[in-house]
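Here is the structure we will look at, set down as structure tokens.
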Amino acid sequence: MSEHKWWKEAVVYQIWPASYKDSNGDGVGDIPGIISTLDYIASLGVTTVWLSPMYDSPQDDMGYDVSDYENVYSKYGTLQDMDRLIAGCHDRGLKLILDLVINHTSVEHKWFKESRSSKDNPKRDWYIWKPPRIDSNGNKHPPNNWGSYFSGSAWKYDELTGEYYLHLFAESQPDLNWENKECREAIYNSAIKFWLDKGVDGFRIDTAGMYSKYQHFKDAPVAFPDTEFQPCEIYHKNGPRIHEFHKEMAKVMEPYDTMTVGEVGHSTREQALKYVSAAEKEMNMMFLFDVVELGSDPRDRFRYNGFDLVDLKKAIKSQGEFAEGTDAWSTVFIENHDQARAISRFGNDSPEFRVLSGKAIAMLQCCLTGTLFIYQGQEIGMTNVPRSWPIEEYKDINTINYYRAFKEKYGKDADYKQKEEKLVDVINRLARDNARTPVQWSHQQYAGFSEVEPWMRVNDNYKEINVEDQDGDDHSLLNFYRKLLKLRGEYKDLFVYGEMKFLDFDDKKLFTFAKEAPGSPVAYIVINFSGEDVKFEPLIKGNYKLVLTNVDKDSKDALSPYEARMYVVD
């Protein structure tokens, strides 16, 4: 069995500050709002809070465009508020980790302002600048065909010095040049040591596989012939110096007992293990996207093909097994700030099955091996935004840019309206904004998130789905999560560290698996992921004792729609 560590046993609750809780009536969530709910967070059974970017920022990409690592976005609060949050978490036995956004900064960061000021500036080489390509007519073009994750070219021309800078994300997010040692040292001091010295317990490391770019900056292979700019992951992910950089960064954190989890994304098992093998001393663990990107093209989230339950099992198997038999560690998550809501994506958000399928997903997730991550609102079953919302309600730069590019490309086609409807269907299913609507605290106006109209529209179903109503209801999804997290905490060897065995893998309606650990009874979990009754046939021998289920009636012979059962078998 894997060596026990606090960060392996952590249950992490992710907070997206803008949409969590507004304390001062400006319509935007803030740090004092978070502090006011720490008792609620502790009551869930979580052990760690992950706070998404709260640094000073122009907010072009919701704080992933940092203008000052050593300060706080004014609408969220102050450095003093952060000190209070750190102390408030620690007083309740909670750890606090921050988002570490160091692949890029904002164009408003003082480093970039200096870098762009002249070709001779000492910080010029802290970012990635290249001269234009000039065609036979003397026209300027980007240095290569690399595409941005947020549509269009990954290069932006800067008139002042006549060169392009690289931005793998938005134009306002220039990539830092990790090849420059002075730049790296500044990152470590400003973004890492500053916060660890304040008492923060670690980091979720954003875009952790992107720091080392191949220095030839060649054109990327053409993956989408209908698009001028191409996905360029092969030249900026898992690059030649990436592990050198991570080892160097880990040395900076070594004096502190930190938890680090990397967002690396699409990697082979061999590539992934290099980041999180204990022997390599880089990161504790990483997020793999097998589950949350099911049915989508990882290079283009809105090219969607759908999936079935067997596909989901394959993704969970792949994600769970990658660390088995190694000294690495895995993570378990099904929602975050970049993904759609799990009930809408993997369950059934109709009024009839919403709560049942939410409990089914909860049981599945809370029984998986690895460090468990839960996203704000997931514990009450918040859903995707209604399909009836117009595109104007979406705030995310990723969606806005994609929709704009789509309209420019197809807007004059005779069948544009049909194409647009199909795109909006997919946007509604997968857009990041689904996770970014305000947390639904009560059935009061604005869902108890704020006393004024929030920065983003509250989901229309807040009167049916909210913390206040579920808190005192023993049969609610919220209290089902509490029961599951209590079980997970009491039986760590089984649920956190145990071995998962899939049973009847090809069944397209039932998800059945066992969890085993030395010295523990076998846990047998069976979940009906369909909207119809399915016959129940025990797949392992022994005496079955029902521990937890999401339905009131006791039917041993069949599972009703979205019924989930946990047995102990001896």
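Indices start at 1 and increase along the chain as displayed.
Any Cβ shown, glycine's included, is placed from N, Cα and C.
What Swiss-Prot says about this protein:
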ACT_SITE  Asp206  active site, nucleophile
ACT_SITE  Glu263  active site, proton donor
SITE      Asp338  site 'Transition state stabilizer'
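Annotation for Asp206 (active site, nucleophile): spatial neighbours Tyr64, Asp99, Leu100, Val101, Ile102, Asn103, Glu263, criterion Cβ-Cβ under 8 Å with sequence separation of six or more. In this view, Glu263 (active site, proton donor) is surrounded by 20 other Cβ atoms within 10 Å of its Cβ, with every protein chain counted. Of all the Cβ atoms in the protein chains shown, 18 others lie within 10 Å of the Cβ of Asp338 (site 'Transition state stabilizer'). DSSP assigns Asp338 (site 'Transition state stabilizer') to coil in the three-state reduction, outside any helix or strand.
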